[in-house]
Structure formats: C-alpha cells, structure tokens
Amino acid sequence: MNTSVTSIKLVLLGEAAVGKSSIVLRFVSNDFAENKEPTIGAAFLTQRVTINEHTVKFEIWDTAGQERFASLAPMYYRNAQAALVVYDVTKPQSFIKARHWVKELHEQASKDIIIALVGNKVDMLQEGGERKVAREEGEKLAEEKGLLFFETSAKTGENVNDVFLGIGEKIPLKNAEEQNNANNERESSTQRVDLNAANNGANANGGCGC
Amino acid sequence: MSFFDSLRQKAPFLDKLADSFTPTLTRDEKFRLKYKLPASENILDDTNAEVSYASSNEDGKGRLERANNKGRKTTYVFSGRLFLTPHFLVFRDAFDHSSCVLILNISTIKRVERSPSKSYEFALLVTLYSGAKVLIQFIGIRYRSEQFCNKLKSNLKENIPNAKNLPVFLETSYSEFLIAKNILGKKDITVPKAGLGQHFKYPGNPTMVKEKAKLRLWFDYFRENGRNLAIVQTLMFRKLIRIGIPNRMRGEIWELCSGAMYMRYANAGEYEKILSDNASKTSQAIDEIEKDLKRSLPEYSAYQTEEGIQRLRNVLTAYSWKNPDVGYCQAMNIVVAGFLIFMSEEQAFWCLCNLCEIYVPGYYSKTMYGTLLDQKVFESFVEDRIPVLWEYIVQHDIQLSVVSLPWFLSLFFTSIPLEYAVRIMDIFFMNGCITLFQVALAVLKINADDILQANDDGMFIAIIKHYFQTLGQSAHPDSSDIKYREITKFQELLVTAFKEFSVITEEMVMQARHKYEKGIFQNIETFMKRTQLRHMPKTFNLSSDKLSNIYDMFYQSIETYKISMGTGSSNMGFEVFIQFLSKFCDSCRPCEKDKEPAFRKQKRNFLQRLFNNWDSAHIGELTLNDVVTGLDKLLTVDLLQAINYFFSLYDTDDDGELHREEVLQLSEGLLMLTEPWKSGTYVDLLTKKRIEDDIAESIIKENGEETVTMNQIELPTGVTIDEEKYKAEQAERYLKAASNFLQRSFEYAKAVNLAEEVNLIDLSDDEDEEKHNAKLKKLNSIKANVALDPTHPKVIDLPTFRMIILADETYELFFSNTLRSSVHVDEHINVNNKNKVLRSMFDGILADGKRVAEQVRRRVDSVATRNSITSAESTPTTAAHSITTKEEKYDDLDDFTSEHQSEHEELLQSSWFEIEDATESNAMQERPFEPLSVSPSDKKSNLIEFEA
C-alpha cells in the first residue's frame, strides 16, 4: 500500500471571490493571477505530493462560489474524501457562508470527509486591509465541528501547501480501513460509483502523468 | 360513428403521445420567436403577396418602376406571405423561408402609394426612408387586400411619433455609416458609437480575418438589400454571417439577428433611464457584480482600464434592475464583456435582455434551471448521437458537465479563444441555441478518439483544453494535400457542427427540454428545500418534520400569490398570510361566522397583529424564517410564555401595560380565536375529559360491582354520547370565560392612569354648559357600564393579565393546550380538514385508552364503596352493535330506559362517528372517516358512537 499512489478527491467550497481558485493555482502551479476569471460551474485539477514517503494524488474540484451555483455543488462533493471550506478574513459574510458549507457537508457529503477550514487573503492585512474575521473565530468553529484550520494567502503562498499536506497526512493515517470502508460504501451506492472505485486502483498502478 | 369510436379508443394513447411533445406555442409566440420581434408584436393581418425590393439609385432617386420591367438591373420578385404587426411588416418566401425574409419596421416607411397596375391587380409601392422601394403585389380578393392596406394605414398613423426617432437611431448604426461614407461621399461623418474594439482593437489579426474584404461584401449587401430596420435577408445574408462577420459590423448584425435592435428602437432612452433611476441604490446583485468586474475577460486590454470596467458595470447593473428575478449570475460578466467589444453599452444591454429571454431562458436564473436542463438535454444528445463515447463516459464516471457547463453558460467565451468564440456567436445569434448543442457535440465528436483513452476527469479536461488552445492549427497537418493541410481545426469544428450535427433542430431541443424539465425542477426543489431548512432559525417547539411541512405550506401559498400578483418574490404579503394560516389553524379557518362583518373585522385585526409581530424587518412582508420564528413562539409549550406572547401582541407600544382599548381588543381577539370551540366545531380537553368520564361511567354501569382490572377494560359496545349536550356545555363554558375575563380585567386593572384618562374626557374646561351636561350624561352612562367606566381603573399589566387567564379553567387550558393543538403544522393541508380534526381527536381518546381505564378504575373504586349501581337494565351493553340501518338502531334503542330517550332520537338522525375497536385504532388512522358521510339523515352529526 505504501508504495502505491493514494488518490484523494478534494473539493473546494466557499463564497464567491474568496480565493478558492487562487489557492488551487498556488498549490498546483505555485502561481498567482491577480484578476482571475470566476470559475463557471467547476474546474478540475490534479497535483501529486509526497507525504511521509507516500505519494498522494490530489484530484481537486474547484467550484463556483456564487450562491446560485450551490445547487451544482453536490455533483462535485459527491464521494469527496476531503474538502476545503474557504472564506476571506476581510469579509465576515464569507465566514457565515463557510459555516453553511460545513453544515451542508456534514449532512450531505460522505461521513468521513476531512474538512479544512481556510481563512484566505491574510496578505491583505499587511496591505492595510482590515481583518473582519478573528483567527479565534475560525479556530472556534474548527474545534466545534472537528475541522482542520488554516489561515493562508494564495498571493504570497503562505500556508497554502500546509493545508494540503495537513489533509494528506490525516487521510493516510487511517488509510487501510478508510479505503475499505469507502469501497464498501461505494459498492452499496450506485454501480456507476462502484466502477469508479475499481478504476481508482488501476489509476494508482498506472500512475498517469498529468 | 366507428371513426369516432376508434378515435376515442386511441385517446389515452394520444394523450401519452402529446406528453412527449413540446407544449404548443401560440401562432403569435412562434412568429415573434422566429423573427425575434418584441413582445408587443402580434399578427394583425396576413396575406399572400409578391414582393420585390429595389434599392435606391446611387444618386438617391428611386429607381424602381415595376419589378418585371426589362432592360434594367434585375430585380427579384418573391412570392410568399406578408404579415402585418403593430410596428412591422414581415414577408417571407413561400417555398424557402430562408431565401427571402423581409423585416421592415414601419418607422422606415416614408410613403405608401397605390402602384399603377392592371385593374385586377392590387399593388402598393412603399418608399422607404433610405430611398429604397418595396413593391407589394397582393394576391387574393381585392376586398381583403384593401383591408390589409387600411390596417397598415392606421398603423402608420399611430406610429408617427415613433418614426420621428428614426434619424437619431440610424446615426447609431454602422451600416448607415458605411453607406453614408461610401455612397453619399460624406467624409466628415462621425463613426457611430461602437464597442470597445474601436479603441482597444478587435481580437484576432485583421489581415488574417480579411476584415476589409468582408466589410466590402456587407457594404454591397446593405446597398442592395437594405439594412438595420428595413432589410431583406436572403441566403447571401446567412452566408455572409457564416464566413464570419467583420469586427466593425459584428455588433450591429448580432443586434439585428437577436432582435435586440428592435427592442432598442422601441425603448429609446430606457437604458439610460434605468441607470439614472437606480443610480444611488445598492443591491446584492451589485455587490456580486463588483466582485467580478475585474475578472471578466481580463486578457482583453480594455478590461484593465476604468473605461472598459465602467461599461461592463453599467450594462450588468442595468440588467439587474431590469430583471431583478435574475439579478446577476456569474458568466453574464464574461458574456457581456464579449458583447461590449463589439457593441455600445445600450446595444449590449438589449442584446443581453434578448439573450436571457429568447436564446437561453433560465440559464442565469436564481436556480439556474435552464443551465441544468440543457446539460441534461446535451447529455441525452450525446447518448443519442455519439453512443460509444457516452458509454465510455458513463463507465469511467466522467462528469461531462464539468467541461460542457461552462460552454453553454458562458457561450464558449471562457473556453475558446475570443476570436473563435465570436465566430460561434455569429452563428448563435442567427440560428439560436441549437448552435451551442451543435458545437458542443462537434467538439466531443472530433476529440472522441482521444477521450476514449482518458480514464478520469483530469485527462478528459486536459484533452479538451489542449484542443481549444490549438484551434488555429491545421486539422490535418500530415496530409500531403496543401489545401487539406490548410484547413484549421476551427474550420473543421464548424463543418462538423453545422453539417454533421445539423440534425439537431430547434424542435428536438424543445422536445428534450420538455421531457426533462419535470425531473430537473423536482431536483431543484428538493435541493432548495434542504438548503433552506438547514439554515432555518433555531426552533424550540417545531420539529424538523413540522418545519418541512411549514416550508411546503408556505411556498404553496406564495405560489398562488405569484400567479395572481405576477411577482416572483418569495415573501408573503398579508392577504396570502391569511390564506396560509387558514389552511392549518383551526381558529383561522373559514367558518359560518365569517359572514358577520364584525367577526371578520376582529379576525383581520388579530391576524394583522400577528403579522406585524412576525414581520421582523418591518417591510410588510414575511419571509419563511419570519413565519417559522413566529409559529415557534405561538406554539410554545410553556403556559406562561404563551400568555406573555398573547399579551405582547396587544401591547404594541411595548410599555408592559394594556390600556382599556387594548384590553377590549384583546378580549375580542380571544372571543374570535375561541369561536371554533364556542360553536362546537372542535372539542377541547375539558370536554374530552367529560366524554371520557361518561364512557367510564357507562363501563361501570355495565360491569357493575365486578372487580375490574386494568387489562380487562375494554371500551363498551355501542355507547352513545350526546354530542349536542357537550357542545352546549362547551359553548357556555367559553362564553362564561369570555365574560369573566372582561369583568375581571376591569376589576383587577390598576388605577395608575386614572387621572389621565379622566382628562381625556375633559370635564373641566367646558365653557358651554349644554355640552358640559351632555358630557356628564355620557360619563354617567359610561359609569353604568363597569367595563367602560372611564373613572374606573383601566390599565392591566402582564402579571395581572396572567392572573386573570389562570383564574379561568377554560382560558388557562386555551393557552396551555387548546390553542397550540389547534395549529396543525404537522398535517398536510391537502387532506380534508374536518375529517382530520374529528379523527385526530378520536385517535387521541383511543390513544389515551389508558386514561379511560384509569378513570374507570377510579370510578369502580368509588362505586364499590358506594355500592349503588347494580341494575343491569340501565347498562348500554345491549345497545346497538352497529348502525347499519335506521330500524336496527331503533329496535335496539327501544330497550333503553326513558332517561336515554333524547339520545336515541338524536341517534336516529345521525351519528357523529363510530369506532369499531380500540385495538384497531391504528387501522383507523389510515382511513378517511367514512361513517360521517354514510350517516343516515343529515350531515350535521349529533352522536358519538362507540362499538366493540
């Protein structure tokens, strides 16, 4: 198991313009674009990292943030093993929205989903932006709901990789039993999903180079 | 006869067949859709005609004499159908609709004259503003032709004010500019306001796209066939669009094809007005727009400047005000940014309007149902047309919509390089939304070989991405034939899309949409409900089931509101609120008493108080959350809280005291609320207990002295209970409670504001003795009535109010139980309410069988000590088993002693309801209450019947 590649399906959720796509761009390409076009529907990217001599392939689903796109989200967080719920530390409304997402994930997503709460745009605090969501608030919510918590800046890259590493570390820990559970769960759901699960294995062996 | 029979037999099948077809549009709707005319246009008349169009001479003088005059430049005569609408003349060729379509806004008509013709012909010569002439030769009886002309004449008359706008409008048209500059030789003419491309360059290389040559073609076309508001669209017109509209011309042709031009002309000045009317306002849509302004085609240089951003802001904001139901949806920013490169703000605005309304309805709506629906439709097309690929996608669990959804939602603007995206838009505006499906299918088809190698979403996306980035490259780089090598991937895409997938028609899309609509709507509704329920305020007295039910009832009520009032607001107005509550609150249900105006007034008064109390934002409307919070308060299980809440409804100034008027209002409110119990429509716990007691009594009578254990107790057979008696008792109890309440209120009211109140009557300052006397007299008469006595104390505070309520058994019960249990938030409103109420009450008694049993035991104990009742004759054991016929009942009842006489007689009339066995109570719950309707005589039921 340790020599193979573990695929982690990860979904990003959060209010519009909090920096979801930017976090992904930083993580995948170590890049930043000031005025990134809003994500329409969803975007899909992958990135491999090595955590504790174990290769993890993140399959990242980046979703659109606007409220009315929320009805599409279940399509993307279906079967996700991890989720980043992102808010903007300078926008209190985005934190409320983050709460909603956490709630929705706990109710609708797979039971063992690892959720990381991410307060983004901390770079703006240095540039004279005013912090509107205290670090403690985020920490408190994370503690209450059992989430990982990070404050990041996609612009400077601060903490971005740690978010993914944190998730990656948490998943292989219970990898063996998790995978089994996941498989059982999938088998019991739909045929379509089941096929996917089988395919994941093939993927891991083949180690596609994207 | 047999023909009709066979038709009748086929009817169910035909019904089913009809289901699979699109809902039919009216003739006018179809007509408007086809020619993209504004909603105000409807067909006033139509006729067969031959039409020829002759452009003005280079010298500006009209040239056309007769179309068939020989020796001159050839003029085509088209034979087809001519339609007249309030502002348009539309002609289309009878044989090939696309070979000639003339769309003429009547504002462009300068003169109409009868054309010299043979006596049996009827012809009109129409001279246009541009100098061009249209000869219309009517085919058909003269009388009808005259009629058509008369209508045209009156339309023209009415249109005179509009026609005055024409010259100004034409100054904004690039086609007019081209003509003016090149034919009339006006060199100093200013270029009309156009898109950002004018200054910031158009996408693509101008020499590569042969801009000048294409412009020349369009110039020739306009000269020969007219332009903008008066144009003949021939096959050439479509061809010119297919080869790619020159950038300078693009805005106008998009505007023309989409019908936005007609909207802009008909609504001159509206765009600016919307902007100025809403200049200082803010909205959620505006916040959302601001977030995306800098994120709209950022690679295009104009959108890094304030000018470009401002134009984008204006158009998006104006649309959000124009159509608040849509507001702003991400992707609109990208689409509009695309428009604005080629169009002025106003042009882009109307283009966006028609895009949302005609081309992609529902795409940008709050639920995005149009987007979801078309994804489903697209999937079904893929399954149908490229089955191998579809199978593969399904097998590998690839989410097709991840790639295809942005194509549709942003009209390919985000996916394909701009210069190609606009080419697709050229065809999109001409052919409609089928273009999106055709191109999307072609993309998959062309890349099918590669996609069949992909085994996850990532690879799938990468293939498509790479394809779009290399659209300018050769489609056949390895071919030995140079011509073949020169074909780009984009050209290949267009050919595949519009040749191979020309099988995808408008009708197919409509049909497929119709087919999947229901499922999509259902999914959205489920999702919306789940989301809203998740974010409801915390409730203490409402379970999640109840919340779910309230949600359903709330939106069912709003739905009617929407239909009748034509609004899409999700808030509830007062009138709907009344309807809403009347569905599940016993006190608010329509009743006999509603006929009395005074009662109606009281009801409205109370409901208005409730409404105002719930209206947290003070906007005269309730949100779902308001209703939930309000019901939660109303349904508190805490007696004191319930009383406090009721008090607060009447203490509107929130000073903790109720003044005389408020007390009177409150008592009236109470009287109104308790009406259903007063009238005996419902039964409260006290009455229920009385009934239980009586049942217990009869059991004891039956069993006599024998010791009864709990287990042995069964409900007696055929106990009959006098309903009227209970009703009367209950009514009396409620009336008494009401009068006691009023009396006590004034008895215990505090004297605090005495002086003040007397002042109000103002005895002292009267200069006029007569008036003084009158007042004194009035005062005395008021004094006589304790309740209204102004010298008497008249303020009660909350503790007093609580005391007064608690002092009365009926009212105490009303607040602790009766009111709460009369609000049926857990029941579905579709079920017949009356039956439900009676049934639930009965279920209650049966469920509480233990309590009856206890009663019995208590009674038995006491009876045993008293040792009084022994007589077997007086027990109802021998009474009726079941009331199947009147006679049977009568016979059985004959056995009774005289004291039961009245009951028997009532039994003859009807039975209220009957229950077969306590053990079958569960089964009972599943059934509607049939016995009610089978009851022998009238509907008004008077007896309660128990049977073992």
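Heads up, the Cβ atoms here are built off N, Cα and C, so glycines get one too.
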Among B:677-710, B:915-948, TrEMBL lists region 'Disordered' at B:915-948
TrEMBL record, region 'Disordered', of the ranges B:866-888, B:889-911 the matching one is B:866-888
Beyond a gap of at least 6 residues from its ends, the CB atoms lying under 8 Å from the domain 'EF-hand' (B:638-673) belong to 587, 599, 602-603, 605-606, 609-610, 612-613, 738, 741-742, 745-746, 749-750, 752-753, 757, 787-788, 790, 794-798, 801-802, 805-806, 811-812, 814-816, 819-820
Secondary structure of the domain 'EF-hand' (B:638-673) by DSSP, residue by residue, totals 26 helix, 2 strand, 8 coil
